Amino acid sequence: MSRSQANAVKPTRIPHGRFCGLRMGGGARADQITDILFPYIKENVKEYLQTHWEEEECQQDVNLLRKQAEEDSHLDGAVPIPAASGNGADDLHQMIQAVVDNVCWQMSLDRKTVALKQLQGHMWRAAFTAGRMKGEVFEDVVPAVRKWREAGMKVYVYSSGSVEAQKLIFGHSTEGDILELIDGHFDTKIGYKVESESYRKIADSIGCSTNNILFLTDVTLEASAAEEADVHVAVVVRPGNAGLTDDEKTYYSLITSFSELYLPSST
């Protein structure tokens with residue numbers, strides 16, 4: 001029986017292995033990282049630096065960025081960050097503006113330097129903790145995940161967003177703190193999501209065969225990579241996610257809500 005024929009005659013079921021992997025786009029708004037978190041940095045980095053400049057953590061972030069700027073001095077458009085010269089308010093203003101310009105330059109190149117990620121993480125933590133931001137989680141997610149866990153399943157998140165960002169989003173979500181529902185987090189440190197080897201590494205990490213994992217994603221390139229690793233896949237169709245071709249709609253198991261997934265004990 002072909003894959004498309006199989007989809008036509010049976011519902012999407014969670015495999016008996018009792019492990020489920022979620023891409024953020026399956027359970028939370030897929031665009032939160034690119035359309036909300038990153039723009040927040042650019043729009044608020046100056047205010048953040050002005051507010052937290054005297055704090056040790058902020059100074060550590062600035063020093064790390066300064067060292068990175070020195071390493072980047074040979075690159076076109078690189079923005080240096082001067083050390084303090086003792087000229088009071090004008091000196092402070094120039095340093096803060098240099099950090100702002102450096103951060104925006106790095107982000108314009110989509111760089112992933114440790115220095116940049118560290119500052120971003122601290123800014124996001126401050127914003128989520130203060131209630132200025134919340135992770136948007138679809139309403140069907142929490143009830144479904146609770147049922148899965150009651151049935152003995154484990155749930156993991158695999159996202160291109162850092163583990164730290166994932167924890168902030170799910171720890172300060174529109175459904176409250178739901179980190180207790182997640183057994184572990186993976187990001188691209190374990191591998192890119194369009195590479196099948198990444199899914200094998202995750203399976204090894206959680207002590208499970210790939211055939212006993214269901215991966216929920218809204219990106220078919222990721223779905224294809226997961227299938228190559230013998231992982232079960234369901235493509236989640238959510239508002240705001242990329243559209244699917246007719247062939248993709250025919251080939252993949254599609255769901256629009258986590259409530260459409262059947263537990264292994266279902267008849």
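Cβ atoms here come from the backbone N, Cα and C positions, even for glycine.
Packing around K193 (substrate binding site) is summarised by its Cβ count: 22 other Cβ atoms lie within 10 angstroms of its Cβ, all protein chains included. Taken from TrEMBL, the feature substrate binding site applies to S159, S160, K193.
For the binding-site residues S159, S160, the largest tally of other C-beta atoms within 10 A is found at S159.
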